[in-house]
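Participant: Once you've had a glance at the structure underneath, I'll fire off some questions.
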Amino acid sequence: MGNNVVVLGTQWGDEGKGKIVDLLTEDAKYVVRYQGGHNAGHTLVIDGQKTVLHLIPSGILRNNVKCIIGNGVVLSPEALIKEMSGLEDRGVPVRERLFISEACPLILPYHVALDQAREAARGKKAIGTTGRGIGPAYEDKVARRGLRVGDLFDMASFAEKLQEVMAFHNFQLEHFYKVEPVSYEAVLEQAKGYAELLTSMVIDVTNELDAARKRGDKIMFEGAQGTLLDIDHGTYPYVTSSNTTAGGVAAGSGFGPRHLGYILGIAKAYCTRVGAGPFPTELFDEVGDHLGTKGHEFGATTGRKRRCGWFDAVAMRRAIQINSVTGFCLTKLDVLDGLKEIKICTGYQMPDGSIAEVSPMAADAFENVTPIFETMPGWSETTFGAKTLAELPQTALDYIKRIEELTGVPVDIISTGPDRNETIIKVHPFSA
């Protein structure tokens, strides 16, 4: 299938991508983030030690891996430096292995102020953003007024551009949202403080990755959030501000799309969602509470409680269409241990009585569907920490097989716990 693997979420994010990227990068030379920002929360557990990464690619804990932040990522210098410091305090040589595209848009304090002011103004209609400035930074990029990492090479020009964009945003903050403006002088001084560090990490990402491809190096592209949060294909407007799908890889890194190989879709054995937006299989009973408690379903970035529900094969089919998913990694199978019965959503009944086999695009249409469930027997045995299929109960194997039948895509990897070695690999993406 080739040396270039994409790992992305096929639900509403929080599927367990970080662990899988860390696991598979034993064989990789590069790990590339291509979209999102520090609104991502990728949790790794290695020999019992927990690491949460928000911006730096999950391959950073591997000595053999170069990590790249591509142009599709909106970069908060403050968040990056904090994350780097935490890793360096543990002896991880981040500066030797982390590289940045000069085309990365910068997230600056006025983006955060705007994000939070807007969410407050929306009241009950709030989207549920992380409040970290992601959306406003992407807006500035599209409006062609955003500042980028490359602008830090010329601080005189940077200061001039900053003054112009801050005048625009501070007017909104003061006169529309009725909150305090952000200090231009403070932001400029901040930028001067991290300019040298950021510019020292800049490389020509497209050239680097193309050279790596020609050498035959293994490259992994690490997605953030999930397909159903994609700005174009997700449950709009309850979405993130970037393209979280496989199509975002080329645009967000400059890597030629023809060279992409295996697309690994990450999916929980059930579904979760953080914040507002439609969620057809959501559970409001003790089973939902059980999934949330046993699965430790609290956001790595925000700490917010995640909503929990049954596995949704209908939404999954849409994710497969969009991403050309080669194979799945099914995570958190062990969370289903002990349930007497398990349900899978196999179709949506639409308001007109018709049955949909793939999910609708818009949030309004999503809100009006009635999920159709198939009930399967659960299992009392533990699957936690299983490393071979032989260790799984037959009913768990039947559940996995049914997901494969309903989606038409094989489950190639099964995660049975948070540690990197608590995994069953049927097919390795780099060997497929």
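Placement of Cβ uses the backbone N, Cα and C atoms for every residue, glycine included.
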Participant: Which candidate from Arg90, Arg304, Arg317, Arg318 does Swiss-Prot annotate alongside Asp14, Glu15, Gly16, Lys17, Asn39, Ala40, Gly41, His42, Thr130, Arg144, Gln225, Thr240 at the IMP binding site?
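Facilitator: Given Asp14, Glu15, Gly16, Lys17, Asn39, Ala40, Gly41, His42, Thr130, Arg144, Gln225, Thr240 bind IMP in Swiss-Prot, the matching entry from Arg90, Arg304, Arg317, Arg318 is Arg304.
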Participant: Among the binding-site residues Gly13, Gly16, Gly41, Gly303, which residue has its Cβ surrounded by the fewest other Cβ atoms within 10 Å?
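Facilitator: Selected from the binding-site residues Gly13, Gly16, Gly41, Gly303 on minimum Cβ neighbours within 10 Å: Gly303.
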Participant: Out of Lys19, Lys305, which of the binding-site residues is least crowded by other Cβ atoms within 10 Å?
Facilitator: Lys305
Participant: Over all pairs within Asp14, Glu15, Gly16, Lys17, Asn39, Ala40, Gly41, His42, Thr130, Arg144, Gln225, Thr240, Arg304, the annotated IMP binders, what is the largest Cα to Cα distance, rounded to whole Å?
Facilitator: 34
Participant: Tell me the coarse DSSP state (helix, strand, coil) of Lys19 (GTP binding site).
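Facilitator: Going by the DSSP assignment, Lys19 (GTP binding site) falls within a helical segment, counted as helix.
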